[in-house]
Amino acid sequence: MGGSVSPPGTGEGTLQYSLIMEHLVGDKRRPKEVIPGGLGGIPTPIKSEEQKMMERVMESCGFKAALACVGGFVLGGAFGVFTAGIDTNVGFDPKDPYRTPTAKEVLKDMGQRGMSYAKNFAIVGAMFSCTECLVESYRGKSDWKNSVISGCITGGAIGFRAGLKAGALGCGGFAAFSAVIDYYLR
């Protein structure tokens, strides 16, 4: 037998074990860094640099605007296809009112309406989200006033293409809609 293992009761094996434990656990072990009151008194570990970087990216105005643009495009496309599906005039030719439209014509009209709605919803979503993020960054607060201000700016910008009165109505209407939505979602 090898001479490295000592018989029980001599104490040499205990010494080796305690040296190994001291090396692995002793003063070489770092305590886990925690934030004392992170979640209402529950200690939470400190975030790594990668987590902090991802939070900064996801909280940026550009990311929020891009996310709202993509979400608006998808939602608008679905809404456009749905409204085209229930519209009785899809594929209708006013020159020949008695002709039944073909499936290809109906699908083409549904696709065109879906794409039109998708682009409009994407633009409005990106404008509103970016404006709200910029207003929130400027004010330094996250409350209902941000959505009302950004709703007014977005509605006004969309409405001013049709004139001053339309811009004022767009500002008021979009701000009121934003206030109602914010009231129910917060």
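Glycine is treated like the rest: Cβ placed from N, Cα and C.
Of the listed cysteines CYS61, CYS69, Swiss-Prot assigns the disulfide bond with CYS133 to CYS61. For CYS152, the partner cysteine in a disulfide bond according to Swiss-Prot, taken from CYS130, CYS171, is CYS171. Comparing the disulfide-bonded residues CYS61, CYS133, CYS152, CYS171 on other C-beta atoms within 10 angstroms of each C-beta gives the minimum for CYS61. Recorded residues CYS152 (disulfide bond) and CYS133 (disulfide bond) have their alpha carbons 14 Å apart, per Cα-Cα distance. Between the CA atoms of CYS171 (disulfide bond) and CYS133 (disulfide bond) there is a gap of 18 Å, rounded to the nearest whole number. Mapped onto three states, the DSSP output places CYS133 (disulfide bond) in helix.
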